[in-house]
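Going by TrEMBL, these are the annotated features:
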- 50-70: region 'Disordered' (REGION)
- 75-449: domain 'Amino acid transporter transmembrane' (DOMAIN)
- 103-128: transmembrane segment (TRANSMEM)
- 153-173: transmembrane segment (TRANSMEM)
- 202-218: transmembrane segment (TRANSMEM)
- 230-248: transmembrane segment (TRANSMEM)
- 268-290: transmembrane segment (TRANSMEM)
- 311-331: transmembrane segment (TRANSMEM)
- 357-378: transmembrane segment (TRANSMEM)
- 399-420: transmembrane segment (TRANSMEM)
- 426-447: transmembrane segment (TRANSMEM)
- 459-481: transmembrane segment (TRANSMEM)
Amino acid sequence: MNMNYSALPLTTPSIELQSNGAKSSAAANGVVLNGHAKIFKQDSFLGELEDGGGGGGEHDELPLIGDGPAGPPEGSSVPAAVFNLATSIIGAGIMALPATMKVLGVAVGLVSILVMGVLSEITIELLVRFSAHCRALSYGEVVHRALGRPASIVAQMCVIINNAGVLVVYLIIIGDVMSGSLKHIGVMDQLIGHGEWDNRKLLILVVLVIFLAPLCALEKIDSLSLSSAASVALAVVFVVVSCIIALIKIAEGKISMPRMGPDFSSRAAMLDLLVVIPIMTNAYICHFNVQPIYNELKEKTPQNMYKVGRISTLLCVVVYALTALSGYLLFGQDTESDVLTNFDKDLGIRFSSILNYIVRIGYVIHLVLVFPVVHFSLRQTVDSLIFGELATPSRKKTLTLTVVLLALIYLGSTMIPNIWMAFKFTGATTGLALGFMFPALVALRLDKEGSRLGHGERLLSLGLLGLSIVVSVIGVVGNVYTLKSKSE
């Protein structure tokens, strides 16, 4: 054995061999620096030092443990990752929550928001744990490792349908708020008067080309951390203003006692009950962005991602609960499926018109900033599905996919009538599949290979799977029956 080298402690993300003599040439995958040969760790989902076996080491038995930084030096911090994940969650779904509160009542609605948030966080942690175990770098890849290629294709199609549907909803809201609808006056009409800006399709196209396309063309999700922070701040502004208005009207005695439970008085109300839980589920779907956000952490450990998930979920539960409650208290039975459209009339307090503008314009800007975060995972999934997981990155390919996807999303926004319709179907199908079915199936399947779930976790995963299937079936049946009833 050549003793011309002395071992140094492993205190950095690299293994360093120091020469006692002259400079030596570096080995494969290493570099020479001041007489030292450095062999760098290979990146993996766990951020661990991989051996030549590629997955059969002792660390495979400890998928939750990862020490030290393993992400790129320019990666995102935990707060930046929280903003990106929270932005993935807080989107258009928040606008439909006051309408779900109208259906469920205050008490049942608040409990449902909390329960759905907790269950969503559990499935996020299951995804992180088993993605780390099999070193998967995307949602489709972890499903592929656990359930095979056919299931992976189904999961990728669900991501594409869900994200495209969500982005279509964003454009619908932007169009409704800025140009108005049949029952509500648009911001542009109120500020400037009638004109070409009343043309909803034209206004959406202008916003898409000037504001959304440049942000969507960015290649790394970490590049969006500042815009994500701004979007979360704008969402908080919306919540604060709504709560202040509601509190003022309560103090003045202008708000009647709200209903605490569901309404069973009519067939229409019963049908709404069948679809409201899938809509609420859709509000928490962010699972397709978990792996991309994890991959760009500076300190890439499952524990850090758990922290990101828990903080993001807590923030979203608070924001959702306050939004749903204040929106329902303000507008009662007149609450629209998109509550933003309710802010076009006198609220019965001082500075009502100014507050209306702040709420609507602020949230439109929020959606503009959220749009590229959701688009990122959509583009990544389409790229993976068409070109394969190991396809070489290309700026030209990225721009081409971005242009094609934005064109299709714009086309969808001109055809779907309202956000309630979109959320009913995506929530009952792709939303439940991505948020609950696939994470539970992945956990149960990979658990058979190494018994990584405790008894309680195994029962919880089975419960989540069964519950999501039942809710999905009920939601789809309710949607079909609603459409049939309207057609008659």
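Placed from the backbone N, Cα and C atoms, the Cβ positions cover glycine too.
Residues 171, 174-175, 178-179, 188, 196, 224, 227, 368-369, 371-372, 375-376, 379, 398-399, 402-403, 406, 410, 413-414 of the same chain lie 6+ residues outside the transmembrane segment (202-218) yet bring a C-beta within less than 8 angstroms of a C-beta in it. Against the transmembrane segment (426-447), stretch 459-481 has more CB pairs under 8 A than any other of 153-173, 230-248, 311-331, 399-420, 459-481. At the 8 Å Cβ cutoff, the transmembrane segment (311-331) and the transmembrane segment (103-128) share at least 3 close pairs (sequence separation 6 or more) and count as touching. When Cβ-Cβ distances below 8 Å are used as the criterion, the transmembrane segment (268-290) is approached by residues 84-85, 88-89, 93-94, 96-97, 100, 103-104, 112-113, 116-117, 120, 123-124, 127-128, 131, 139, 159, 162-163, 221, 262, 305, 309, 312-313, 316, 320, 373-374, 376-377, 381, 420, 423-424, 426-428, 431-432, 434-436, 438-439, 471-472, 474-475, 477-479, 481-482, 485 of the same chain, each at least six residues removed from its ends. Long-range contacts of the transmembrane segment (357-378) within the same chain, counting only residues at least 6 positions beyond its ends with a Cβ under 8 Å from a Cβ of the stretch, are 84, 87-88, 90-92, 95, 139, 159-160, 163-164, 166-167, 170, 173-174, 177-178, 187, 191, 207, 211-212, 215-216, 218, 221, 224, 227-228, 230-231, 234-235, 237-238, 241-242, 288-289, 292, 340, 343-344, 402, 405-406.
The transmembrane segment (459-481) and the transmembrane segment (153-173) are not in contact, since fewer than 3 Cβ pairs between them lie under 8 Å (pairs 6 or more apart in sequence). Tertiary neighbourhood of the transmembrane segment (399-420): same-chain residues 92, 95-96, 99, 164-165, 167-169, 171-173, 175, 201, 204-205, 208, 212-213, 216-217, 279, 337-338, 375, 378-379, 382-383, selected by CB-CB distance under 8 Å and a gap of 6+ residues from either end.
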